[in-house]
Amino acid sequence: MFEKFTNRAKQVIKLAKKEAQRLNHNYLGTEHILLGLLKLGQGVAVNVLRTLGVDFDTAKHEVERLIGYGPEIQVCGDPALTGRVKKSFESANEEAALLEHNYVGTEHLLLGILNQSDGVALQVLENLHVDPKEIRKEILKELETFNLQLPPSSSITPRNTNSSSSSKSSSPLGGHTLGGDKPEKLSALKAYGYDLTEMFKESRLDPVIGRSAEVERLILILCRRRKNNPVLVGEAGVGKTAIVEGLAQKIVSGEVPEALRKKRLITLDLALMIAGTKYRGQFEERIKAVMDEVRKHGNILLFIDELHTIVGAGAAEGAIDASHILKPALARGEIQCIGATTLDEYRKHIEKDAALERRFQKIVVQPPSVDETVEILRGLKKKYEEHHNVFITDEALVAAAKLSDQYVHGRFLPDKAIDLLDEAGARVRVNTMGQPSDLVRLEAEIEKTKQAKEQAIGTQEYEKAASLRDEEKKLREKLGNMKQQWESNKEEHQVPVDEEAVAQVVSVQTGIPAARLTEAESEKLLTLETTLQKKVIGQSQAVASICRAIRRSRTGIKDPNRPMGSFLFLGPTGVGKTLLAQQIAIEMFGGEDSLIQVDMSEYMEKFAATKMMGSPPGYVGHEEGGHLTEQVRRRPYCVVLFDEIEKAHPDIMDLMLQILEQGRLTDSFGRKIDFRNTIIIMTSNLGADLIRKSGEIGFGLRSHMDYAVIKEKIDAAVKKHLKPEFINRLDESVIFKPLEKEALSEIIHLEINKLGSRLQNYQMDLNIPDSVISFLVTKGHSPEMGARPLRRVVEQYLEDPLAEMLLKESCRQEARKLRARLTEERVVFEREEEAVSALAIEGDGSEPITADES
């Protein structure tokens, strides 16, 4: 019986069973099927019933009035099908066969229950003053709307009629023709379009604020004698559809010229028009039907959103597409059409067809300014307050416009500002308006009581079941009162959506800390310099420059169109230039993964620039994008480190000019990648040879005059290698000083601390005296190489002998403290408690392990 039922028809039966259970009925009748059809909310049957004024709530109240609720105590399980329902299902199958449909849908189910003359469903409809014959007529209209092939009327026999009546009437739906001999067709515009003017009268559209210039130009083009078909062209999200809705608003309010006052603005749904066309000519037939109706009425303005879809729409082997069908009528002025599409789609599809392009008059729609966006948000404010049940402050509207313009890239105002406001409202509602815990506990208690009641029924303890039923009833009454009080409190005490809520949404979406500074973060920014100087030794001036840039950015006083800071780090190798960039990423940007490191030695050739922003179209790797641009696009809040820029080709440095000045770079896809929330750091060894050769300075600068001299020489080397327009765009050029012995000593301490933390896994504690540290500094002292030789010294004199110790089985068995001792240019490790070598087995006379032996 159910083999041919569609998914919607099966869903109707499930909903009908739920309605039967809700009414405490242990059977499934035609009235439940009717309620299931209406509750589904979609399908031919629902459309027909709604057209005739029947909705779910009305039918539900009528069913409850007619048959009421069943007894509380009932057998669990699915309700049984009544005889009438079984007959209605059989009748539905027969109706589908008569209509030559190979499926049973909601329309057939509705016809099936109508054929049960003594069913409750038919009585419900009659009480609601709905004529079953009208339902049959409307079903046929609906089927004709979607071009379903109905069989010849002579081949269909009406239900519940004898042979004599069949000979008199040949209608497929009960012997009633639609409007005489010729069936009446539903309006093609109603079938495939939406009346925007009608929707605005019913307050189903959002109000349109501003855009007066665009709406005025739209009206002027529509009032022309020839070529009066405007097309709105603009980026996605700038408000093209809203401008058309603004025209509908003006038509309804009468604020248009006399020529447009009685016009109806109808949106044409091209996808709906194409859907279901199985045979050649069906699509063309539907378009011609729409065009004929527009010609007939004479007061219709068609609106086609995504106008580029008419190019190629419906075209198959040898067939013509929608654009070719519309061209003659557009040229003669028989129909008026408003289009909307994006700039890219207009260029790709419309401009290629010159004949189609000249029939439309282009109106370029630019994104509104921030101030205009705020006005638009004020107009939409009430709608979002009602939806989220919150109160939106004026500061939140301004913040949504400004923050979306500053931080959300790749999208356009006002769309991105509206999205921010919408999500902020949802965030506040979800976080503050959850169901109270008392209600949750009470609902759990009701469910527990209900299960106990059903268990008592199953064991035939009817007295206990009756007691539990009364208890459940009291709990439900209490729950209803609590919910009513909670709902009223929600309406009375609306939670505000403020500037901070909008900023939090921006932070979640982009990863950029747009929220106001907290006290903890302010303290962190003030002490950032001290924190970095503990990690980057001996470079206080460079650390101070970076910290100043970060403070300017987080307090909002920096130039919003440039990066947070752009620095050129100069000085000899191994003095902490790259390390400082890494520590900034860790301390302020959330981790070392926020550091985008670009090794400029990979860009020695001129053509290597394509790796940075992507290969041009047609070249290998175009789809992959640029190594730099893709990383910044995914993580816009980061540190970008260009390491050793002097090794790159000079022409490649020209790419960085717009990054430093305008905070953006255009990739191979034409997208503008935003660098305004990044810190740009470039390192270079230019002039390092001057430090090595300078006999005046030696190792370690001991006077301000020394530093001034070396700075002057390095600046001269930089100007010789880099272009003036590049140098002038930098915020600051920072010269790192050569490391003094005191700084090297601190660095050795840091390296030993790292080693000690690694040895904690082996239950080993290190004690390194100052004499050993001085020895290591002396061994690692190299003015030309900076601090890097210290790493090799630590490896040679400390890590190598310790590694051999760990490989000895006797050293793994207990916790120990090791003390390093300097002996004849060697470092020896001893147990601190016994003052003997950690590797000596007690009493065997073996020698301690030293660095030289290892």
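Note that Cβ sites are derived from N, Cα and C of the backbone, with glycine treated the same way.
Swiss-Prot lists 234-241, 571-578 with the feature ATP binding site, giving sequence analysis as the kind of evidence. Of all the Cβ atoms in the protein chains shown, 13 others lie within 10 Å of the Cβ of ALA236 (ATP binding site).
The annotation compositional bias 'Low complexity' is assigned in Swiss-Prot to 151-172.
Break the domain 'Clp R' (2-145) down by DSSP state and the numbers are 94 helix, 6 strand, 44 coil. Per Swiss-Prot, domain 'Clp R' is recorded for 2-145.
As annotated by Swiss-Prot, domain 'UVR' applies to 443-478.
Here Swiss-Prot flags 5-70 as region 'Repeat 1', drawing on sequence analysis.
Per Swiss-Prot, region 'Repeat 2' is recorded for 81-145.
Residues annotated as region 'Disordered' in Swiss-Prot: 151-182.
With helix defined as DSSP H, G or I and strand as E or B, the domain 'UVR' (443-478) counts 33 helix, 0 strand, 3 coil.
With respect to Cβ neighbours within 10 Å, the binding-site residues VAL238, VAL575 differ, and VAL238 shows the lowest count. When Cβ atoms from all protein chains are considered, those within 10 Å of LYS577 (ATP binding site) total 28, not counting its own. Within the model, the domain 'UVR' (443-478) shows a mean pLDDT value of 83, rounded to a whole number. In this structure, ALA236 (ATP binding site) belongs to neither helix nor strand by DSSP; it is coil. Neighbour counts of Cβ atoms within 10 Å were compared for the binding-site residues GLY234, GLY571, and the top value is held by GLY571. The number of other CB atoms found within 10 A of the CB of LYS240 (ATP binding site), across every protein chain shown, is 26.
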